[in-house]
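S.K.: Submitted below is the structure of interest, expressed as structure tokens.
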Amino acid sequence: MGMSRSQGCFGYPLSIFFIVVNEFCERFSYYGMRALLILYFRRFIGWDDNLSTAIYHTFVALCYLTPILGALIADSWLGKFKTIVSLSIVYTIGQAVISVSSINDLTDFDHDGIPDNLPTHVALSMIGLALIALGTGGIKPCVSAFGGDQFEEGQEKQRNRFFSIFYLAINAGSLLSTIITPMLRVQQCGIHSKQACYPLAFGVPAALMAVALIVFVIGSGMYKKFQPQGNVMAKVVKCIGFALKNRFKHRSKEFPKREHWLDWAKEKYDERLISQIKMVTRVMFLYIPLPMFWALFDQQGSRWTLQATAMSGKIGLLEIQPDQMQTVNAILIVIMVPIVDAVIYPLIAKCGFNFTSLKKMTVGMFLASMAFVVAAIVQVEIDKTLPVFPKQNEVQIKVLNIGNDNMTVYFPGSAVTLDQMSQTNEFMTFDVDKLTSINISSTGLPITPVTHKFEQGHRHTLLVWAPNNYRVVKDGLNQKPEKGENGIRFINSFDDSFNITMDGKVYVNVTSHNASEYQFFPLGVKSFTLSPTQQTPPQCKNDFQSSNLEFGSAYTYVIRRKSDGCAELHMFEDIAPNTVNMALQIPQYFLITCGEVVFSVTGLEFSYSQAPSNMKSVLQAGWLLTVAVGNIIVLIVAGAGQFSEQWAEYVLFAALLLVVCVIFAIMARFYTYINPAEIEAQFDDDDKKKSLENSYSTVTPVSQTQM
């Protein structure tokens, strides 16, 4: 390695440093913005969960479809360097636009802290997102291919190591941004009214994108830049079209067969182009099974996060929120990439096993499939602890005695006797048709029948407080509280109504002998204040503490008047807190991360090494396309197959990937690795020979111009 070629550092071109830093900033910027997006849609613009999620997924899919566009621009028009620079500018503008769209003072003319003209904000943020999708997608295939371009022949080892470092930069960027950006959002800012600081949280990624662009341009003098070679894509498409048409014309038996279907283009196109297209189509063919891997991989953000909401986030002294589990993936990547690269691969090589790229990718698929088997096992463990909720044709009833007498309630086939201020421990489940009569009685008093139309598929609480006084309340909770929060509702056994304020949320006008709706709180002890309409005696305290809330529980708090006129609190558990520890998710994250390291890094490197020089970006884009298709598969499978059991869906996905893995292994057996540079050098030699021959023969001086 002489210093003469280009400045070097540890045998790596110095220019690589700029490319890696650029990628780090770009990913930080992208993931930082993405982490905020769904909250921004929900809380600032005020869309509901479904619309927010749909728009979010559309945006992510767009980001993986636009690489095709970027690759076309790079390989046929501007070249990779100019494409990266110009699209980074578009990207930075997009980031700036979305920061501006989140400034509420922009249209908040009456200074009440709520934007007066929402459509302006929506329009701006959509324009911002469109520019970002174009920017991030457009530069994605170019940056990795441009990095690969910086290496000389014979630097394959360094080049492979580069793709690992590159992948490391991606994940370090995303890891830091998922930790830092939420911290920025919590800051308060605003000119006229203080509120969550979205402009700052969106502004930091925008500034970083500008930094990424500047770093990239500073390195400009050191890069090896290749001139784009005309519109490659158009040629490829035309050539393939011509080959198919020609093959179809000569389909009868009397024409001799040709080795490869692309050889039917020989009449019109030169051999070099045909051989280059063969390289690309062979790799593209291998890509067909790959989206299945991404379909599983991308469920970490959706399904696995939902799984975490039914688990307990107490890991040792840490208390982890369900959506923080995703950072486990990024943390593990940052640890695993160097280990796999520096320890595991060399060990395998020492054992004399030839661990080729496609073998690595097959192993990666297998590991991801195993991760889902583990996820299914964890799901079964969770299901054991989940409460039973009513099915479509059932109702569940719990009796709560908030009066001062013992009460007996007669159901079809059973009777329950309750002391004062007590409840039935479990919800009792009844078939709607079987629930013929319910009667309440108290010692020595006539029986009161309960006449109430119970709603199917729901839980109900039957409040009783005197022999002939009862009320049926529909609970409204027929699943665990979302996001691992805790539901709390209040029941009033005073004779008049009251308000309650708990941790900033208000229960307005809870009427006598009635229950409020549930409101939801994160973990910890919450204090609440009671403001009764009818004055309690002056010496009474009206401030109370809740119990220590954990994850996913629900409670009913009954407020009753003691003999001295003051209020007192009785707590009843409706849904027990989650017990399965979130740490149990770590094995599945570990497996899928190992799968990702051997699959994804290798895929990037394989796509680069098997592509002809003028189609490097196109193949990188093809690789990213498999990610987009994977996302679409999730939407289809999740939409089509509504499984009654979540674990069954996990097993289905694992099985699908296993089948795909076997198919891929068979396809890989028949793939022969090539060195595009050698093949192209061969063509160059042939061209030289031909032009030499031609210059000797005086008969055909014209043919040189045709070359």
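Sequential numbering from 1, following the chain as shown.
For all residues, glycine too, the Cβ spot is worked out from N, Cα and C.
Copying in the features that TrEMBL gives for the protein in this structure:
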TRANSMEM  12-33  transmembrane segment
TRANSMEM  53-72  transmembrane segment
TRANSMEM  84-103  transmembrane segment
TRANSMEM  123-143  transmembrane segment
TRANSMEM  164-184  transmembrane segment
TRANSMEM  204-223  transmembrane segment
TRANSMEM  279-297  transmembrane segment
TRANSMEM  328-349  transmembrane segment
TRANSMEM  361-380  transmembrane segment
TRANSMEM  589-609  transmembrane segment
TRANSMEM  621-644  transmembrane segment
TRANSMEM  650-671  transmembrane segment
S.K.: Are there residues at least 6 beyond the ends of the transmembrane segment (328-349) whose Cβ is under 8 Å from a Cβ of it, and what are they?
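M.R.: For the transmembrane segment (328-349), the far contacts come to 161, 164, 167-168, 171-172, 174-175, 178, 300, 355, 585-586, 589-590, 592-594, 596-598, 601.
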S.K.: Can you name the far-off residues of the same chain, 6+ from the ends of the transmembrane segment (123-143), with a Cβ under 8 Å from a Cβ of it?
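M.R.: Sequence-remote neighbours of the transmembrane segment (123-143) are 19, 22-23, 26, 30, 33, 40, 45, 59, 62-67, 69-71, 73-74, 80, 83-84, 87-88, 90-102, 617-618, 620-621, 623-624.
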S.K.: Is the transmembrane segment (650-671) packed against any residues at least 6 beyond its ends, judged by a Cβ distance under 8 Å, and which are they?
M.R.: 282, 285-286, 289-290, 292-293, 295-296, 299, 303, 358-359, 361-362, 365-366, 368-370, 372-373, 375-376, 379, 637, 641, 643
S.K.: Could you check whether the transmembrane segment (279-297) packs against the transmembrane segment (84-103) - three or more CB pairs closer than 8 Å, residues at least 6 apart in sequence?
M.R.: no
S.K.: Can you say which of 12-33, 84-103, 204-223 has the most Cβ pairs under 8 Å with the transmembrane segment (164-184)?
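M.R.: It is 12-33, which has the most Cβ pairs under 8 Å.
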S.K.: Which stretch from 12-33, 84-103, 589-609 shares the most C-beta pairs under 8 Å with the transmembrane segment (204-223)?
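M.R.: It is 12-33 that shares the most Cβ pairs under 8 Å with the transmembrane segment (204-223).
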